[in-house]
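Novice: Once you've had a glance at the structure underneath, I'll fire off some questions.
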Amino acid sequence: MATRVTGCAPALRLCQRLNRLKTLDEDMMATSLKRCLSTLDLTLLGVGGMVGSGLYVLTGTVAKDMVGPAVVLSFLLAGMASLLAAFCYAEFGASIPKTGSAYMFTYVSVGEIWAFLIGWNVILENMIGGAAVARAWSGYLDSIFNHAIQNFTETHVMQWDVPFLAHYPDMLAAGILVLASFFISFGVKVSSYLNHIFSTVSMVVIAFILVFGFMLAEPANWSQKEGGFAPFGLSGILSGSATCFYAFVGFDVIASSSEEAKNPQKAVPIATAISLALATTAYVLVSMVLTLMVPWHSLDPNSALADAFFRRGYSWAGVIVAVGSICAMNTVLLCNLFSLPRIVYAMSEDGLFFSFFSRVNPVTKVPVNAILVFGILMATMALIFDLEALVQFLSIGTLLAYTFVAASVIVLRFQPGKTRAKGSASPSPHPPSGPSPIALETQTITEGVGEMKEYESFSDKLQLVERSEPRERRGVGQLRARWEPFLGRLFGDFEPGEVVAFSVLGLMVSAVSLCGVVEFGTKQLQLPLWSFISLVVIFSLAFLGSLLLIWAHEPQRNSKTFQVPLVPLVPGLSILMNVFLMLKLSSLTWLRFAIWMAIGLCVYFGYGVWHSKEGLRELQPKDMAARYVVLPSGSLVETVQSVQPDAQVDHAHTTPPTPTAEEPGRT
């Protein structure tokens with residue numbers, strides 16, 4: 001038995017290293033960045049990230065090809081679905097006001113390698129998103145001048161015919177990205193001012209579209225003569241909602257900016273709610289105006305709004321709409337270039353990415369290296385890649401990040417030992433939701449005089465025992481009193497939060513299984529009807545059972561910051577929705593995703609795991625170490641010994657372990 005345990009020790013140590021959690025400072029308002037963003041600034045950032053090319057391009061595409069006039073309902077459903085994910089981001093952004101967004105939230109709750117992979121995918125998503133918007137911006141502007149820029153480039157510069165590459169180098173798209181990166185490097189206030197200008201112009205144009213568009217509205221365009229309100233039925237509305245969901249993915253820029261907010265505890269939730277409400281209202285009303293102005297089946301998917309005004313005889317209004325679309329796309333570009341370097345900065349600051357990107361300019365207080373390098377990389381992608389090839393890869397990393405953030409909300413809500421400093425939460429020492437069979441936990445706490453002591457326990461389950469706090473009967477993560485008679489025998493011996501962690505894992509597995517059966521059961525798998533129904537019922541019960549088991553435990557209460565309501569229902573529904581949307585993506589997208597993940601793992605195991613600051617912190621010597629041992633009889637034994645660096649062992653006096661409490665009869 002001892003040989004077997006010894007043989008498993010390296011694997012357990014590796015698992016512990018991969019799943020270690022980030023330790024946050026007690027004062028989480030301290031930062032090397034500049035806290036200067038108000039609630040208004042964050043709100044406009046969120047609106048700018050969501051109301052962009054989707055308003056001027058996506059509305060026409062979805063209305064004509066998928067939904068018809070019922071695109072109004074598709075955007076409404078998509079906005080409500082996005083609210084589930086936005087709640088989770090708002091809670092983390094308020095309680096953990098650090099840059100990094102989904103990467104940071106995963107690091108403090110799930111584990112290091114999962115956080116790296118989330119950050120790695122969010123980096124790619126932002127790069128692709130920015131490059132795709134730049135290509136759309138260039139194409140929209142070029143269409144106003146009758147494609148003169150494209151014709152000149154193909155004739156006098158160069159063109160090529162290579163798969164996945166554009167037919168010609170889009171120097172206009174690359175140039176706007178380089179120029180925007182240059183402006184953003186001047187500081188967060190400059191970025192905020194530019195976003196204010198473009199967002200204001202965009203909202204004025206939207207108001208003009210709504211007022212003038214409703215004046216030109218013809219209700220007959222929704223009549224049965226033109227195909228009716230929902231010509232594609234309920235399935236079309238739901239399919240349209242899945243596509244419209246991607247129009248709202250920009251709200252995470254608010255959480256990414258929380259480390260630069262003046263009062264993130266209040267500003268982040270308020271800005272998230274207001275910006276999402278404004279974006280949803282804009283999408284719903286504009287799609288309503290568009291389908292009332294002209295018949296939905298005659299829309300131009302590339303420039304639906306401008307073309308609608310041209311067709312009604314108001315060419316000057318089409319020019320105003322074109323100006324508004326350019327400004328809206330500028331805000332999306334700014335948001336991508338704003339959030340991407342900060343995620344890179346957070347990863348490099350933690351040692352998981354190259355330290356070159358963690359340098360902050362002492363004057364502008366922004367990570368200039370990350371801004372310029374990734375701005376140039378984004379410009380290179382926009383220069384050579386085709387827009388369709390870029391968009392095909394978009395969204396899978398964002399949906400994966402939404403899933404992990406929702407799971408992290410549940411894990412942290414039911415974890416014990418969570419402390420707060422100035423209204424902010426510090427990470428729980430509990431392992432992630434996908435733990436190894438044996439979890440080894442360590443926790444460092446600060447004494448009143450600033451002395452750091454490490455406490456380890458070696459009970460049957462290697463559980464953490466805190467010296468200063470006796471274990472409460474109904475603490476956080478334990479079964480509620482009403483459920484103790486029914487579930488106490490099954491789960492009474494587990495540590496607080498342990499059942500919840502495994503339930504979250506079961507929740508995600510059942511969600512993937514349920515969505516997989518619904519999506520592929522009748523087509524690719526060709527399951528018989530009885531088998532399809534049976535699997536749907538089984539996995540649905542497993543999903544609901546996981547939710548009920550989580551709900552049966554005591555959550556954290558009386559938080560000073562915003563908390564997601566109806567936990568675990570809201571995060572659970574967000575997980576289910578995100579998984580369903582991921583499974584609807586093409587197989588080619590999943591193949592590219594797997595390749596990018598493999599590259600990320602090479603970066604992590606080649607650099608990140610060796611330079612992780614959490615790993616270096618574990619190697620730092622402690623002045624004193626206290627160990628607690630739980631004997632079979634239930635007594636607690638504490639031994640304290642001095643811990644010194646290896647270089648001083650030969651010259652320092654070693655104090656033998658001193659038992660402070662001893663079980664009678666122990667030798």
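Glycine too: its Cβ is placed from the backbone N, Cα and C atoms.
So TrEMBL says this about it:
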type	residues	note
DOMAIN	562-612	domain 'Cationic amino acid transporter C-terminal'
REGION	419-439	region 'Disordered'
REGION	647-667	region 'Disordered'
TRANSMEM	37-58	transmembrane segment
TRANSMEM	102-123	transmembrane segment
TRANSMEM	197-217	transmembrane segment
TRANSMEM	229-255	transmembrane segment
TRANSMEM	267-294	transmembrane segment
TRANSMEM	314-338	transmembrane segment
TRANSMEM	366-385	transmembrane segment
TRANSMEM	391-412	transmembrane segment
TRANSMEM	499-521	transmembrane segment
TRANSMEM	527-552	transmembrane segment
TRANSMEM	564-583	transmembrane segment
TRANSMEM	589-610	transmembrane segment
Novice: So if I exclude everything within five residues of the ends of the transmembrane segment (314-338), which remaining residues of that chain have a CB under 8 angstroms from its CBs? That is, six or more out.
Specialist: 45, 47-49, 51-53, 55-56, 126, 129-130, 133-134, 136-137, 140-141, 144, 176-177, 180-181, 184, 191, 194-195, 198-199, 201-202, 204-206, 208-209, 212, 216, 250, 253, 256-257, 303, 305-307, 371, 375, 378
Novice: Sort out the residues at least 6 away from either end of the transmembrane segment (102-123), same chain, that have Cβ-Cβ distances under 8 Å to it, and list them.
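Specialist: Long-range Cβ neighbours of the transmembrane segment (102-123): 17-22, 24, 89, 92, 96, 252, 255, 340, 343-344, 346-347, 350, 352-353, 374, 396-398, 400-402, 404-405, 407-408, 411-412, 415, 426-428, 431-434, 593, 596-597, 600-601, 603-604, 608-609, 612, 614.
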Novice: Which one of these stretches, 229-255, 267-294, 391-412, 527-552, has the most C-beta pairs shorter than 8 Å to the transmembrane segment (37-58)?
Specialist: 267-294
Novice: On the 0 to 100 scale, where does the mean pLDDT of the domain 'Cationic amino acid transporter C-terminal' (562-612) fall?
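Specialist: Taking every residue of the domain 'Cationic amino acid transporter C-terminal' (562-612) together, the mean pLDDT is 90.
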Novice: How about the transmembrane segment (229-255) and the transmembrane segment (197-217): do they have 3 or more C-beta pairs under 8 A, pairs 6 or more apart in sequence?
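Specialist: By the criterion, they do not touch.
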Novice: Are there residues at least 6 beyond the ends of the transmembrane segment (527-552) whose Cβ is under 8 Å from a Cβ of it, and what are they?
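Specialist: Counting only partners 6 or more residues beyond its ends, the transmembrane segment (527-552) has Cβ contacts under 8 Å with 410, 414, 479-480, 483, 487, 499-500, 503-504, 506-507, 509-511, 513-514, 517-518, 521, 568-569, 572, 576.
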Novice: Grab the same-chain neighbours of the transmembrane segment (391-412) for me: Cβ-Cβ under 8 Å, and only residues 6 or more beyond its ends, written as numbers and ranges.
Specialist: 84-85, 88-89, 91-92, 101-102, 105-106, 108-110, 114, 118, 121-122, 124-125, 128-129, 132, 246, 249, 252, 418, 425, 427-428, 430, 432-433, 497, 500-501, 504, 507-508, 550, 556, 564, 567-568, 571-572, 574-575, 578-579, 581-582, 585-586, 588-590, 592-593
Novice: Let me spell it out: take the transmembrane segment (197-217), skip the flanking residues so only those 6+ beyond its ends count, and list any with a Cβ under 8 Å from a Cβ in it.
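Specialist: Residues packing against the transmembrane segment (197-217) from afar: 44, 47-48, 51, 55, 282, 285-286, 289-290, 292-293, 305, 308-309, 312, 314, 317, 320-321, 323-325, 327-328, 330-331, 334.
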